[in-house]
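Asker: The structure's right below; bear with me while I get my questions together.
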Amino acid sequence: PTLMLVPTAWLTPSKCLWPTTLAHSMVIALLSLSWLKNTMETGWSTLNPFMATDPLSTPLLVLTCWLLPLMILASQNHTATEPVNRQRMYISLLTSLQIFLILAFGATEVIMFYVMFEATLIPTLIIITRWGNQTERLNAGIYFLFYTLAGSLPLLVALLLLQDHTGTLSLFTLPFSHPLHLSSNADKLWWAGCLLAFLVKMPLYGVHLWLPKAHVEAPVAGSMVL
């Protein structure tokens, strides 16, 4: 249903653009509540071989689905004076963000999670730089891009090392693989590489300088995503 929001945004007549996309996204948000029935179970609820939910990812998925109608509500007046094609592109970018976040939180392969986690940078960067309110929005976008990319590259190296060591990056089989004991300095560097990307996104003091700029320069929907 989320993928169908993109043609909805481009094929809907301009007078009905915002009500139609809001109604469509609200239906998706209501349907997502059905995932909550499995949150008390231990283990995974498999949707397909590449996507599954568990008690940790399910609330994040539901939050992601509810975020889109709220972003559309918050952005309607902000973009009302712009050309219709820019409004359609704005809605498409918000939709792509939801798609990437759903794929990230529901992924059962860690590399798929990494790719989708980082793919959210692209629409967020465009939203900040093209629809930001202040003159420093391009500078804020560059800060946002390079801080998060620099923090995530050690995570990619750590995941490739984990794949080489265990032979799998599937969250179904990874708990049963040969464990890492973190005894050497190289193992501790691996652990730090696994954490760094998330500490930048949290953000931890010292790697947070991108966040004030991005929040100030981004439109309301951009701040909601961040």
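Backbone N, Cα and C atoms are what each Cβ position is placed from, and that goes for glycine too.
Reproduced below are the annotations present in TrEMBL:
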- 1-104: domain 'NADH:ubiquinone oxidoreductase chain 4 N-terminal' (DOMAIN)
- 107-226: domain 'NADH:quinone oxidoreductase/Mrp antiporter transmembrane' (DOMAIN)
- 56-75: transmembrane segment (TRANSMEM)
- 87-105: transmembrane segment (TRANSMEM)
- 111-128: transmembrane segment (TRANSMEM)
- 140-162: transmembrane segment (TRANSMEM)
- 189-211: transmembrane segment (TRANSMEM)
Asker: Near the transmembrane segment (140-162), which residues from the same chain, at least 6 beyond its ends, have a CB less than 8 A from one of its CBs?
Answerer: 110-111, 114, 117-118, 121, 124-125, 128-129, 132, 134, 169, 180, 190-194, 196-201, 207, 209-210, 213-214, 216-218
Asker: Run through the domain 'NADH:ubiquinone oxidoreductase chain 4 N-terminal' (1-104) and tell me, per DSSP, how many residues are helix, strand and coil.
Answerer: 72 helix, 7 strand, 25 coil
Asker: Tally of helix, strand and coil residues over the domain 'NADH:quinone oxidoreductase/Mrp antiporter transmembrane' (107-226) according to DSSP?
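Answerer: The domain 'NADH:quinone oxidoreductase/Mrp antiporter transmembrane' (107-226) comes out at 85 helix, 3 strand, 32 coil.
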Asker: Where else in the chain does the transmembrane segment (189-211) make close Cβ contacts, counting only residues six or more beyond its ends and a cut-off under 8 Å?
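Answerer: For the transmembrane segment (189-211), the list is 117, 140, 143-144, 147-148, 150-152, 154-155, 157-159, 161-162, 180, 182, 226.
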